[in-house]
Amino acid sequence: MIDFKAVIAKVATGASLTRDEAANAFDAMMSGDATPSQMGALLMGLRVRGETVDEITGAVTTMRAKMLTVAAPPDAVDVVGTGGDGSGSVNVSTCTSFVVAGCGVPVAKHGNRALSSKSGAADVLNALGVKIDITPDHVGRCVAEAGIGFMFAPTHHPAMKNVGPTRVELATRTIFNLLGPLSNPAGVKRQMIGVFSRQWVQPLAQVLQNLGSESIWVVHGSDGLDEITLSGPTAVAELKNGEIRTFEIGPEDAGLPRAPADALKGGDAEANAVALRAVLEGMPGPYRDVALLNAAATLIVAGKAKDLKEGVALGAQSIDSGAAEARLKKLIAVSAAA
């Protein structure tokens, strides 16, 4: 049993926790062995000082050890944003996921309801007719039969219930906003992760390097978007062959036009579902372009495309052939089947 008071005292001096100390502290929180005051103190102490790569790695190790897992092929990918970018945009990573699945890459998408926006991945999928509150085995069947499955975070991370009330009361970003995308219940080794702040691009790539991921892009748009943006450059940290490389990309690198950030303004779940379906049905415009751009990056991560332009061409084929929309229809059917 960890001495939680000693952990708080250490953080209060400005010192960093070791990976093991962080893992044990988060185990205490998620097991219900820490009081709400203790949890709030530690979460805010870490937030104010700035969470380290070792602290995040330790916390993720505990999250992963406690989650309910899903069976998925070794080449499965996840496209996920941390959320919390305050943009109120359409659901980019969700749309991107269907485009990628339509290219024949299995997608095991992890997500939740909106925390800060009007429509998170779970909200828009629910509005599209996908059943989201299904068992881990059922999600595995979706990935196997539909080529895409959605893992609703509360179902797969039941231990989070001990931390939930404290997070709600704090009502500000904590380390948990970073942990969700790093704790995919299907254990995917290939991911496209969007983050709400540029300061986290390289550290999250380092965390995933520590945890043995194979192929990762961590991205942050210059306009604040937790995706690759159309309005300007996007910062990228790429993990490949155990090495991390950082660079910037723009839509022109993919042969796509720029568009202002407000061209991607979204609405509630129903409005965003209508917009997403329109993209899968072939409607041109900025939403299609941003989905193609993010799909192109994901296809590079998956080893399907050698560069962004090839990825965009494959993504366009996925939409225009009807393959992407077929993945959505199949997911609706398989998720509804008992």
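Placement of Cβ uses the backbone N, Cα and C atoms for every residue, glycine included.
Swiss-Prot lists G81, 84-85, S89, 91-94, 109-117, A121 with the feature 5-phospho-alpha-D-ribose 1-diphosphate binding site, giving sequence analysis as the kind of evidence. DSSP assigns H110 (5-phospho-alpha-D-ribose 1-diphosphate binding site) to a strand segment in the three-state reduction.
In sequence order, V92, S93, P181, I193, G194, V195, F196, D226, E227 are the residues near G81 (5-phospho-alpha-D-ribose 1-diphosphate binding site), counting only same-chain partners six or more apart with C-beta under 8 A. Mapped onto three states, the DSSP output places G81 (5-phospho-alpha-D-ribose 1-diphosphate binding site) in strand. Look at Swiss-Prot and you will find G81, N112 tagged as anthranilate 1 binding site, backed by sequence analysis.
According to Swiss-Prot, the feature Mg(2+) 1 binding site maps to S93, E227. Following the DSSP three-state reduction, the secondary structure of E227 (Mg(2+) 1 binding site) is coil.
For the recorded site, R167 (anthranilate 2 binding site), the DSSP three-state label reads helix. If you look up Swiss-Prot, you'll see R167 marked as anthranilate 2 binding site.
Summarising the environment of D226 (Mg(2+) 2 binding site), the number of other Cβ atoms within 10 Å of its Cβ, over all protein chains shown, is 26. What Swiss-Prot lists as Mg(2+) 2 binding site is D226, E227, and the listing cites sequence analysis.
R167 (anthranilate 2 binding site) sits 20 Å from H110 (5-phospho-alpha-D-ribose 1-diphosphate binding site), taking the C-alpha atoms as the reference points. Rounded to a whole value, the Cα-Cα separation of S89 (5-phospho-alpha-D-ribose 1-diphosphate binding site) and N112 (anthranilate 1 binding site) is 16 Å.
If you take the C-beta of R113 (5-phospho-alpha-D-ribose 1-diphosphate binding site) and look for same-chain residues 6 or more apart in sequence within under 8 angstroms, you find G120, A122, D123. Around the Cβ of H110 (5-phospho-alpha-D-ribose 1-diphosphate binding site), the same chain contributes D78, V80, F150, M151, A153, H156, G180, P181, S183, N184, P185, A186, each under 8 angstroms and 6 or more positions distant in sequence.
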